[in-house]
Each structure stands twice: as structure tokens, then as C-alpha cells.
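> Pulled from TrEMBL, these are the listed features:
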DOMAIN    6-99  domain 'Core-binding (CB)'
DOMAIN    120-307  domain 'Tyr recombinase'
ACT_SITE  164  active site
ACT_SITE  188  active site
ACT_SITE  259  active site
ACT_SITE  262  active site
ACT_SITE  285  active site
ACT_SITE  294  active site, O-(3'-phospho-DNA)-tyrosine intermediate
């Protein structure tokens, strides 16, 4: 049963006081715990840049899948096993305390296990699953409902560009260059890049801006490209829910979030013959080694296909 309702930051502040007063943790450990929490909340909120700070994801909305996605991203980036173990411990300690204190009803970290350090990817969509996902969104948008038009445009653009969810929700209307077929993205470290998109995404964006967005826009909307039902800027939590929900309508598709669509887009580009450095530029990776993890997936699939198809494999 929930106790007194506090904001997320107020709850974290109370946790910090608990650590200092009741647990006798060292100042270094407390700083590490708080840093882990800040990093996780930035991930789950979809924070990329301070230009458009996203709304806070309530503690009660955090799911086990969010924690696993965060740790998986760290593991893919090469984080040490000790780092992954500590961050898992931070989440388990924090949420166990939050349940005891009545700040949340359920502990999303109960079944959380730190992933091993591998520079490999979580599951990606097969190309037919990706096509199925976008078909589901297209059929839903046929009714002309503004939310369905928005959802189709969001999914088409995520898969077409491989942008991070925070980059997508931070887009303004003027960031879309229809003539050039690119979007202007402000990524990590406020670095700007231009990412192309194809005809299906262009058609979905046009439908959304001409037939959907005008019906949701309010005084709260500002220049935001994608809007929620009440006219405010669409947030990362809503996009995660959209992706998870839509994939339930695709037979045999894995349960992935927006980051899984990013992985899928990159993998499919490389499988289609795209240059590794081009994919690095599209994704906004500072290091080529980060992009190279996608080649491992493609090689694994190539090996599997070879073993199945070659008479002397």
C-alpha cells in the first residue's frame, strides 16, 4: 500500500538520508549509488539534451524491462562486470527500500540479474517482424485517428533513422527537411547531425503533420513535432509503451523497446551492405568500436544462413 506520495527526486533525497543515517555507507558509496540512480533515470526518461528536458518517469511506472534495457545498453557498451553488478545492486537496494517505505507498491528489480560483459546486442527484429510492426501501425492509422497517425509516424521514423528515443521526442517541426529527406537531430553532448529517412517515413510524417498534429495541438505544444493526447510534447515513456504494445500484434516478434528498433535499423543497414562508418554517422556514435558490435550480429546470421544453405557446411 502506497504511503505519502513524493516526487521522484524527493524520494531519492529521502533514500540518500536513509543511507547516511541508517546504513552507515561511506560517502564514496553513497555518491556511487546516487550517480547510478541519476544515470538510470536519464535513460528511462529518454534524456539526451538539456534543450528539451523530458518529463520525469514516475517510480511507479518503472518496469523490470526498463532496468534490463539500461543494463543491457551498458553491457553492450563494454561496461565491466563489476560495474554492472554494482548498478544492479543499487537498483535492488533502492527499490527494496522504496517498497518498505511505501513509495512504490511493487519492486521491479526483484528478478534483476546483472548481464555479463559482452559487446553484443540484445535481440533485434527480423526484417519481416519490422515490416509486420509497420504494417500494424499503417492499418491502425487508416481510421484517421490523430493518435494512430502519430504512432505510425513515430514507428516509421524510429526504424528509418535509428535515432534514440530521446532524440525523437526532442524533435521540433522545423527539424524535418522534407525536400532533402532528412531530420536534424541533437544527440548526446548536444552534437547535431542530419539523418535521412525514406519514402514510407516521409508519407507517415506528412499524414501526421497535415491530418493528425493540428487536431492535438494546444497552447502547450510549442514547436514539438510529436504530441501526446493532451497536446504536450510526447515523452520517452509513451514511446516505449507504444513499441512494446504494437509488437504484441506481430506474431513471434521479440518484446523490444525503442532501443531495440535502433539496434534493428543498424543491423538491417549493415546486412543490406551499408558502410560501417556511414552507420556510425547515422547513429551518432562517437567511436567506431561502438558501431562494430552490429557487425557481430550480421556475421552470426550469415554463419547460420551458410550452415543451413551450403551443401558442405
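Glycine too: its Cβ is placed from the backbone N, Cα and C atoms.
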> What is the nearest of the active-site residues 164, 188, 259, 262 to residue 285 (active site), using the Cα of each?
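If we rank 164, 188, 259, 262 by Cα distance to residue 285 (active site), first place goes to 188.
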> If you count the C-beta atoms lying within 10 Å of each candidate's C-beta, which of the active-site residues 164, 188, 259, 262, 285 ends up with the smallest number?
188
> Going by DSSP, give the three-state secondary structure for residue 259 (active site).
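Looking at the DSSP assignment, residue 259 (active site) belongs to a helix.
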> Between residue 188 (active site) and residue 262 (active site), what C-alpha distance do you get in Å?
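Their Cα atoms are separated by 15 Å.
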> Fill in the CA-CA distance, residue 259 (active site) to residue 164 (active site), as an integer in Å.
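Roughly 7 Å, rounded to the nearest whole number.
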> Can you tell me the CA-to-CA distance separating residue 164 (active site) and residue 262 (active site), as a whole number of Å?
7
